[in-house]
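Swiss-Prot has this to say about the protein:
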- PRO2: active site, schiff-base intermediate with DNA (ACT_SITE)
- GLU3: active site, proton donor (ACT_SITE)
- LYS58: active site, proton donor (ACT_SITE)
- HIS94, ARG112, ARG157: DNA binding site (BINDING)
- 242-276: zinc finger (ZN_FING)
- ARG266: active site, proton donor (ACT_SITE)
Amino acid sequence: MPELPEVEVTRRGIEPYVSGRKVERVDVRTPALRWPIPADLAKTLRGHVVRKVERRGKYLLFEIDAGWFIVHLGMTGTLRVLRHVPHPPAAAKHDHIDWIFDEFILRYRDPRRFGAVLWHPREAGDVLEHPLLASLGVEPFSPAFSGALMHRLTRGRKVSVKQALLAGEIVVGVGNIYASESLFRAGIRPTTAAGRVSLVRYELLADAVRVTLAAAIEKGGSTLRDFVGSNGESGYFQLDYFVYDRAGLPCRVCGTPIKQIVQGQRSTYFCPTCQR
């Protein structure tokens, strides 16, 4: 599943091609993804200029004067920029939506169809008030995110520190891959109860989250199966993983075999020596 780095890489890749450009047409080939695609989406967007593309957590927010269309990539979704002059590229089986601009097509592809394309009209209020966005935690690169915040919001909680990271109620966008990697950098065992992690260690974790996500964005995200950026190229942060998907391999720091366990039906990877 694309996590925050992959979504941010996508945003940075598509924004220069769509911001300030008019949507000439929208071709919707699939009536529903995770939820139904608004029936009048094509009519609503046609002729409007995209003001900017922002990200909130794992959601992409495309602003036009009438409101915002919201895109979530789900498990296998990608957005690619394709040149349609002189000849538009043919759509393949899993290419569900095209936003057509003067020279380019923004194409949404999603083999498993767990993604979403939604509409939030301006009269409904700010897009951040949308039900899917209103309860999200803070952005990891914002000044509001800190070890003190995590420490305060986890007091008395028995859930594991990894599951607290994944929940998205404290900080957004830290999925399974980057939770494992961040906990390794911070030296915290993922099974530790969130309420038992000290303020000092949470400060280390906050720094580790920022460093890990920034490094992943710099390297185009992670491509384990489906993800490609807006130009069709794979990310390569997976080459730098310390623990994720490295079960049985030696720790890059101490040489101890990396251990794999299951938490909340998801695989967790950690070093038994470096993480305590």
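Every residue, even glycine, has its Cβ placed from backbone N, Cα and C.
Looking at the residues that bind DNA per the record, HIS94, ARG112, ARG157, the two CA atoms farthest apart are separated by 42 Å. Averaged over the zinc finger (242-276), the predicted model reaches a pLDDT of 97.
Sequence-distant neighbours of ARG266 (active site, proton donor): residues of the same chain at least 6 apart with a C-beta under 8 Å from its C-beta are LEU166, ASN176. Considering only the binding-site residues HIS94, ARG112, ARG157, no residue lies within 10 A of the residue listed as 'active site, schiff-base intermediate with DNA' on a C-alpha to C-alpha basis. Neighbour counts of Cβ atoms within 10 Å were compared for the recorded positions LYS58, HIS94, ARG112, and the top value is held by LYS58. If you measure from the Cα atom of HIS94 (DNA binding site) to that of GLU3 (active site, proton donor), you get 21 Å. Secondary structure at the residue listed as 'active site, schiff-base intermediate with DNA', taken from DSSP and collapsed to helix, strand or coil, is coil. Close to GLU3 (active site, proton donor) in the fold, though at least 6 residues off in sequence, lie LYS58, GLY173, VAL174, GLY175, ASN176, ILE177, TYR178, GLY221, SER222, each with a CB less than 8 Å from its CB. Sparsest Cβ environment among the recorded positions PRO2, ARG157 (other Cβ atoms counted within 10 Å): ARG157.
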